[in-house]
Amino acid sequence: MVPLQFFLFTSVGVDPSLAMMVSLGTSLAIIIPTASSGAYQHQKKNKSIVRPGIRLAVFGIIGGFCGGLLANMVPTRILQMIFACLLIFVALDMLFGSRSDGEKALIDFNLLNGGIVGFSIGIISGLLGVGGGVFLIPSLCILFGFSLIEAIGTSSVFIAFTAIGGLISYIYTGFGVNPMPYCLGYVSLINFVVIVLFSVPMATIGAKLVYKLPEKRLKQIFAIILIYMAIKMLGFDPISILLGL
């Protein structure tokens, strides 16, 4: 969502630095209803995802707010490159590694460990304007021994709450700074409404499909998504290139 919005804003003459901040803030706003619809579908299949998702989200909201505030101060390009390399490593491990789904946890899922992971993913979410699921899902699988389906469901609950923290900071820091019309801080209300009309139904469909796919195929699909996200973080968007954008 961020690259496409950034292209649309800059194509109509919006300053690139402002376009990036509005793209990031709007992306976080879109994530909230989209992830919420997915979380609702997941909890109908597995109610055990709600408690760990909320526990992680409490710290994730704080991290998301801090990450949103840091977005104006930290060179996010460097962070994007670091996280992109990390995603590629995780994706290759999922595709070719020997770790089996639901393998024994490396650390216990308790308040301290969950808080550290939730806060860290929240900061990443606020900094990069993403939901954080691409980082949380492999963390839950590798560190806490969650199955991929459990991790996806827990992540959807986490994302729905964590994006709120980042969104608040983008609204707050954008007041009096963003001269664009129909905006709330760094959030474009028009883009939000238009994209949500499509993203919410698609999230509902995606949540239902997760439980119909074999675990191995699901892991392959998620690894491909991680690689795609990593390529985007490195500054290339394969879909935009194919569409000639």
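Easy rule for this one: first residue shown is 1, then count along the chain.
Glycine too: its Cβ is placed from the backbone N, Cα and C atoms.
Keep in mind that this is a model prediction, so the values were computed, not measured.
Under the heading transmembrane segment, TrEMBL lists 6-32 (among others).
Here TrEMBL flags 53-72 (among others) as transmembrane segment. With a cut-off of 8 Å between Cβ atoms, the residues of this chain six or more beyond the transmembrane segment (53-72) that come close are 21, 24-25, 28, 39, 111, 114-129, 132, 136, 153-158, 160-170, 173.
According to TrEMBL, the transmembrane segment annotation covers 78-97 (among others). Below 8 angstroms of C-beta separation, residues 124, 127-128, 134-135, 138, 142, 219-220, 222-224, 226-227, 229-231, 233-235 of the same chain, each at least six residues beyond the ends of the transmembrane segment (78-97), sit close to that stretch.
The feature transmembrane segment is assigned by TrEMBL to 109-128 (among others).
Under 8 Å from some Cβ of the transmembrane segment (157-177) lie the Cβ atoms of residues 21-22, 24-25, 28-29, 31-32, 35-36, 39, 42-43, 49-50, 53-54, 56-58, 60-69, 71-72, 118, 121-122, 125-126, 129, 131-133, 136, 183-187, all in the same chain and six or more residues away from its ends. What TrEMBL records for 157-177 (among others) is transmembrane segment.
Here TrEMBL flags 189-210 (among others) as transmembrane segment. Within its own chain, the transmembrane segment (189-210) is flanked in space by residues 1, 5, 8, 26, 29-30, 33-35, 37-38, 40-42, 149, 152-153, 156, 182-183, 218, which lie at least six positions past its ends and keep a Cβ under 8 Å from the stretch.
Summarising the annotation, TrEMBL assigns transmembrane segment to 222-243 (among others).
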